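Engineer: Reproduced below are the annotations present in TrEMBL:
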BINDING   Cys121, Cys125, Cys128  [4Fe-4S] cluster binding site
DOMAIN    107-326  domain 'Radical SAM core'
MOD_RES   Lys333  N6-(pyridoxal phosphate)lysine
Amino acid sequence: MNTILPTLQLEPSPQSWQQALQDLIKKPSELAELLNLSPEQLSQEAAEQFEVRVTRHFASLMEPGNPNDPLLLQVLPGIAETIKAEGYSSEPLMESDQFNPRPGVIHKYKGRLLLMASNQCAINCRYCFRRHFPYQDHHLGRKQWLEAVDYIAQDHSLSEVILSGGDPLSQSDKQLSWLAEQLKDIPHIKRLRIHSRLPVVLPSRVDEKLLSWLNSEHLQTSMVLHINHPQEISTELRHACKRLKDADVRLFNQSVLLKGINDNSGILAELSEALFESHIQPYYLHQLDKVQGAAHFQVEDEDARRLYYELRAELPGYLVPLLTQEIPGKAAKTPIV
Ligand SMILES: *Cc1c(COP(=O)(O)O)cnc(C)c1O
Ligand code: SF4
C-alpha cells in the first residue's frame, strides 16, 4: 500500500522586527531573482556607490516581472545613477557643517530641532539626499544624546524635538524611550515628532513595546511617515496606523515627487485618499533634493506645479499636500506654488 505522508505545512514563525532588519535584501541579484527581473536592469557600480537595502515586506508589495514597478524603482540600483548630472552634488543641503551645533543635531528650523536617533535605515531609497552621507562616521549613543539634550535645555526658543536619522525607528524602544525621558524635564519642549519610513517598509515595527511607550509618552507625539505611492499602503500598514492613532499619535505623510513613480495627479489623488483612510494626513510633497545620482527622478518645477493644481481641482484642500522645496540655507521649506 502506498501511504502518502501528509506534508507538514508549518507557517513560518513570524519574524520580530529586529530579525527582519537582520534579514534585509542587500544583494541586487537576490532582488532581481525574487521579482523575476533580468539582471541587466541592475548596475553593480550604482550598488557600490549606495548599498542596496530592502525589507522583505516592501519587496512583497512589488509586482513580479514588472521592471517599472513603482516600488521597485525606488530601491533598484540602475545605470542612470552613475551618470553625472550638472547641478547635482553629493551634499545638496550642506547639512553637516552649517547647522550642526552638536554631533547628531541639526538646528536650522525655527523652534524645532532634528536629533539623529539612528544612523541606519531599513531601506535605501535611491533618490535619498543622504545617499552620500558618511553615516559610519557619526556614532550616536547616550553620550552624544546627552550633549544634545543639554543644548536643547539651554535654548528656550525650542518647543519641538524631531527624531530623525537614518531612521529613528531602527533604534531600540529602550534607547528611544530613554532619550524621550531625558526631554521630560525640559519645560519648553512640548512636542516630540518621529520622522520614519519603518512602519511603511516594516509594519511589524509598530509592536506592543513601541505602542506602550508612545501611549505613556507625556509629550504630544506625532509621526511623519514617508509614503510615495498608494501601492506602499498594505493591510499591515493600515493596521499599524490604526494602533498608532489609538495611542494618540498624530500621523502625517510626506512624499517625494518622483518621475516615473508618482508624477501623475491620478496616482497622487489615490495616494491622498488611501492615506486618509489610514488616518494619515497628507502633509508635504517635496521636490527632489539635487543629489548626485538621482537626476533621473527629477520632475520639472513647471510639471510639479501643474500636478499640484490638478490635485487641487480634484480633492478637498485637506487632502492636498503642500508642494515644497528645500533650499539650502533657508530656515523653512519653500512652497513652490
Ligand atoms: C522639512 C523637514 C523637517 C521639518 O519639517 P516641518 O514640518 O516644516 O517642521 C524635519 N525633518 C526633515 C527630514 C524635513 O525634511
Ligand atoms: S528612508 Fe528616508 S532617510 Fe532612509 S534612505 Fe529612504 S529617504 Fe533616505
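Cβ coordinates are placed from backbone N, Cα and C, and glycine is handled just like the others.
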Engineer: About how far apart, in whole Å, are the alpha carbons (Cα) of Cys121 ([4Fe-4S] cluster binding site) and Lys333 (N6-(pyridoxal phosphate)lysine)?
Structural biologist: 23
Engineer: Whole-number Å distance between the CA of Cys125 ([4Fe-4S] cluster binding site) and the CA of Lys333 (N6-(pyridoxal phosphate)lysine)?
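Structural biologist: With distance taken Cα to Cα, Lys333 (N6-(pyridoxal phosphate)lysine) is 21 Å from Cys125 ([4Fe-4S] cluster binding site).
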Engineer: Looking only at C-alpha atoms, tell me how far Lys333 (N6-(pyridoxal phosphate)lysine) is from Cys128 ([4Fe-4S] cluster binding site), rounded to the nearest Å.
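Structural biologist: Checking the Cα atoms of Lys333 (N6-(pyridoxal phosphate)lysine) and Cys128 ([4Fe-4S] cluster binding site) gives a distance of 17 Å.
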Engineer: Which one of the binding-site residues (Cys125, Cys128) has its C-beta surrounded by the most other C-beta atoms within 10 angstroms?
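Structural biologist: Highest number of other Cβ atoms within 10 Å: Cys125.
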Engineer: Listed recorded positions are Cys121, Cys125, Cys128, Lys333; which sit with C-beta under 6 angstroms of ligand 1?
Structural biologist: Lys333
Engineer: Checking proximity to ligand 2 here: which recorded positions out of Cys125, Cys128, Lys333 have their Cβ closer than 6 Å to it?
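Structural biologist: Among the recorded positions listed, those whose Cβ sits under 6 Å from ligand 2 are Cys125, Cys128.
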Engineer: Using the Cβ center of Cys121, Cys125, Cys128 as the [4Fe-4S] cluster site position, which other residues in that chain lie within 8 Å, going by their Cβ?
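Structural biologist: Sorted by sequence, the hits are Ile123, Asn124, Arg126, Tyr127, Arg130, Arg131, Arg197.
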Engineer: I need the most crowded of these recorded positions: Cys121, Lys333. Count other C-beta atoms within 10 angstroms of each C-beta and give me the top one.
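Structural biologist: Ranked by Cβ atoms within 10 Å, first place goes to Cys121.
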Engineer: If you average per-residue pLDDT over the domain 'Radical SAM core' (107-326), what number do you get?
Structural biologist: 95
Engineer: Kindly assign Cys121 ([4Fe-4S] cluster binding site) to one of the three DSSP-derived states: helix, strand or coil.
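Structural biologist: Where Cys121 ([4Fe-4S] cluster binding site) sits, the three-state DSSP reduction gives coil.
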